[in-house]
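J.: Okay, these came from Swiss-Prot:
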type	residues	note
BINDING	C38, C42, C45	[4Fe-4S] cluster 1 binding site
BINDING	G93, T144, I196	S-adenosyl-L-methionine binding site
BINDING	C262, C265	[4Fe-4S] cluster 2 binding site
DOMAIN	24-266	domain 'Radical SAM core'
Amino acid sequence: MDKNKMSKFAHITKVHPCFNEKIHDKVGRVHLPVAPRCNIACKFCRRSLGKEACEHRPGVALSVLKPEDVESYLNKVLKEIPNIKVVGIAGPGDSLFNKETFETLKIIDEKFPNLIKCLSTNGLLLNKYYKKLADLNVKTVTVTVNAIDPEILKEIVEWVYYDKKVHYGIEGAKILIENQIDGIKKAYDEDLIIKINTVLIPEINMNHVVDIAKELKDFVYIQNIIPLIPLYKMSHLRPPTCEELKKVREECEKYIPQFRACGQCRADAVGLIKERKILEEFFKEKNKKLNVFELKHFSH
């Protein structure tokens, strides 16, 4: 990325714990789990909602938060954890595939204008919604890019739901890659700050991750390479060793700065890494039944 543009973003990235390692353990963030539905089927992804969702990883949330509860929930969070600077939407599905995401962002923009607005997405719909995100004053967007070669990506993503149709295998992979790259470039031109997350899967994309960095280096502020958590249809695969992770990050760092302090957080994460109970307490205090949905109601 151009150094002048990086400097332009400094006032935001210096206080965003997922873009700046130096303040990762000092500045808090809150994830609002308002987006349950997803439009792609990653073979390593198993979303969990409800009381059984006790794991601390992406795709997991105790509950789906409704937009009408966002204001009171954020008021509680900010009262208890005043070092919160960033509010993000990271699932448990794909943010851009859920209308509740945009309803929530509008509420935040009106009621909490001083919070940095952030979201995570698989990027399939980014080229459709990048301008809407900018208009809602979203500042940072994280896009998960696991391959830019369809032959590799088809081993990671089983299907893609796009344009009212399910696309399997290489067909779906091609659509996803094309939309991701197009969306990232358009978001960059709109002055959105882009981070890419890449899941390192040794037996599938380890020798390919550097190609992602080369391809996107002019449009991405930072890259976050995270180890595979062997789940779902990749439960038989191994995660990378520390040495493998280190080596791939060093190779990619020649092209894009690397983020090395990721906690692979839940969709309802709040505060610093250790602070995880606010959402449950919030619903108990409201004497309200948890708004939990069965995953069968949503596409993967």
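Even glycines carry a Cβ here, placed using N, Cα and C.
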J.: In angstrom units, rounded to an integer, how far apart are the Cα atoms of C42 ([4Fe-4S] cluster 1 binding site) and T144 (S-adenosyl-L-methionine binding site)?
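T.: Rounded to the nearest whole number, the Cα-Cα distance is 11 Å.
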J.: Applying a 10 Å Cβ distance cut-off over all chains shown, what neighbour count does G93 (S-adenosyl-L-methionine binding site) have?
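T.: Other Cβ atoms within 10 Å of G93 (S-adenosyl-L-methionine binding site): 28.
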J.: Among G93, T144, I196, which the record lists as binding S-adenosyl-L-methionine, how far apart in Å are the two most distant Cα atoms?
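T.: Greatest Cα separation within the listed binding residues comes to 17 Å.
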J.: Spatially, which candidate from the binding-site residues G93, T144, I196 is nearest to C38 ([4Fe-4S] cluster 1 binding site), comparing Cα atoms?
T.: G93
J.: Measure from the CA atom of C45 ([4Fe-4S] cluster 1 binding site) to the CA atom of G93 (S-adenosyl-L-methionine binding site) and give the result in Å, rounded to a whole number.
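T.: Cα to Cα, G93 (S-adenosyl-L-methionine binding site) and C45 ([4Fe-4S] cluster 1 binding site) are separated by 10 Å.
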J.: Quick check for the class: what is the C-alpha distance, in angstrom and rounded, between T144 (S-adenosyl-L-methionine binding site) and C45 ([4Fe-4S] cluster 1 binding site)?
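T.: About 12 Å separates the two Cα atoms.
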J.: Measure from the CA atom of C45 ([4Fe-4S] cluster 1 binding site) to the CA atom of I196 (S-adenosyl-L-methionine binding site) and give the result in Å, rounded to a whole number.
T.: 17
